[in-house]
Amino acid sequence: MSERVILAYSGGLDTSVAISWIGKETGSEVVAVAIDLGQGGEDMEVVRQRALDCGAVEAVVVDARDEFAEQYCLPAIKSNALYMDRYPLVSALSRPLIVKHLVDAAREHGGGVVAHGCTGKGNDQVRFEVGFASLAPDLKVLAPVRDYAWTREKAIAFAEENAIPINVTKRSPFSIDQNVWGRAVETGFLEHLWNAPTKDVYDYTEDPTLNWSSPDEVIIGFDKGVPVSIDGKPVTVLQAIEQLNARAGAQGVGRLDVVEDRLVGIKSREIYEAPGAMVLITAHTELEHVTLERELGRFKRTTDQKWGELVYDGLWFSPLKTALESFVANTQEHVTGEIRLVLHGGHIAVNGRRSQESLYDFNLATYDEGDTFDQSAAKGFVHVHGLSSSLSARRDLAGK
């Protein structure tokens, strides 16, 4: 029996060409694995059949939408994950899930090699291969696009020469990756930083001015950090993301034009659309402001940033990320309540908060009659709080 290669299959040009190329160049059989992450577009059965038509001996489609939402997007919500304070890890979150299912497929179908279609410039090669090394160090890795310097032109030529059944065009200007958490667009004229995105860049979001006269007010309920309701109606995490993608997307919310620091050392420009993700992270962050004690909240903001950096850098399976998630789980014990937001003109505005776990005390906060704050204690507090600063200032002045 020939050696089997388990290929992460997207249904696009590069991975369709890879099926035929691997067979011709290595003599191996290819098992194509396509993961449904809520990316929409083509029917997954069409994708599966294409893999078979391209020469795969088997083609597997995994419906991982709920798994992706519950086990990958939800931790990102709880960690308010925004790489460089902006990017909600649209692609980065999906890669470890794909790795997991490729490893499972390798065990089930007798594969000794796993393959991906990443280039040598991007972050995804790291995310895939560090993931494989973490979960299945015995598996060999094949990366034909990177290791054999494929270009789009070369891939198209190979497809035409070998009658690979896929429709391609040399004029498609963008590289696109999408799932239910969001959509990433790069390359083409966007590589020139001064060029503004054109309308055809966007798909998940409408023009922010389109529904200008119809703002959308939404109430999101959380239970211990988990989104559980929208406008009082129970939802799963996947349903919350999908519903907010539609509602926030209609208001032009979630458009991000970012120059980010890639793991490989270069800067790249990316256009992201993540309407549901940005609304959920905004709401969750606001509820934490209401329910977390000050020092806990301050420290968690540092761990949120680190968690996002670890995921971006392909270290999903690292001990540090695992440890941080244990900490985050503890912080979510009281993150229960509702946040009201207005979605309008591409913006998210919080205008209401309520929680039985709130640390906001009206009687302490009010400046009106009924104030219970003991202002007589403030003078001594200010003196003690500033004592170290006043002592050092006194010393410095005496030395002049």
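The backbone N, Cα and C atoms fix where each Cβ goes, glycine too.
Annotated in Swiss-Prot:
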- Ala8, Tyr9, Ser10, Gly11, Gly12, Leu13, Asp14, Thr15, Ser16, Gly117: ATP binding site (BINDING)
- Tyr87, Asn123, Arg127, Ser175, Glu260, Tyr272: L-citrulline binding site (BINDING)
- Thr119, Asn123, Asp124: L-aspartate binding site (BINDING)
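Sequence features annotated in Swiss-Prot and their locations in the structure.
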residue: Ala8; record: ATP binding site; Cβ within 10 Å: 23
residue: Ser10; record: ATP binding site; Cβ within 10 Å: 20
residue: Gly12; record: ATP binding site; Cβ within 10 Å: 17
residue: Ser16; record: ATP binding site; Cβ within 10 Å: 28
residue: Tyr87; record: L-citrulline binding site; Cβ within 10 Å: 22
residue: Thr119; record: L-aspartate binding site; Cβ within 10 Å: 15
residue: Asp124; record: L-aspartate binding site; Cβ within 10 Å: 21
residue: Arg127; record: L-citrulline binding site; Cβ within 10 Å: 27
residue: Ser175; record: L-citrulline binding site; Cβ within 10 Å: 16
residue: Glu260; record: L-citrulline binding site; Cβ within 10 Å: 18
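Listed in sequence order, Tyr87, Pro88, Val90, Gly182, Arg183, Ala184, Val185, Gly254, Arg255, Leu256, Val258 are the same-chain residues six or more apart from Tyr272 (L-citrulline binding site) with CB atoms under 8 A from its CB.
Taking the C-alpha atom of Asp14 (ATP binding site) as reference, the shortest distance to any of the binding-site residues Asn123, Asp124, Glu260 belongs to Asp124.
It is 12 Å from the Cα atom of Ser175 (L-citrulline binding site) to that of Thr119 (L-aspartate binding site). Arg127 (L-citrulline binding site) has Thr119 as its nearest neighbour among the binding-site residues Ser10, Gly12, Ser16, Thr119, going by CA to CA distance.
Nearest neighbour of Asn123 (L-citrulline binding site) by Cα distance, taken over the binding-site residues Ala8, Gly12, Ser16: Ala8. In the three-state DSSP classification, Glu260 (L-citrulline binding site) falls within a strand. The Cβ centroid of Thr119, Asn123, Asp124 marks the L-aspartate site; residues of that chain outside this set whose Cβ lies within 8 Å of it are Cys118, Lys121, Gly122, Gln125, Val126, Arg127, Val264, given in sequence order.
In this entry, ATP is bound by Ala8, Tyr9, Ser10, Gly11, Gly12, Leu13, Asp14, Thr15, Ser16, Gly117, whose most widely separated C-alpha atoms sit 13 angstrom apart.
Across the structure, Asp124 (L-aspartate binding site) and Gly12 (ATP binding site) are spaced 16 Å apart at their Cα atoms.
Between the CA atoms of Ala8 (ATP binding site) and Thr119 (L-aspartate binding site) there is a gap of 14 Å.
Just so you know, the Cβ of Asn123 (L-citrulline binding site) picks up 19 other Cβ atoms within 10 Å once every protein chain is counted. There are 18 other Cβ atoms within 10 Å of the Cβ belonging to Asp14 (ATP binding site).
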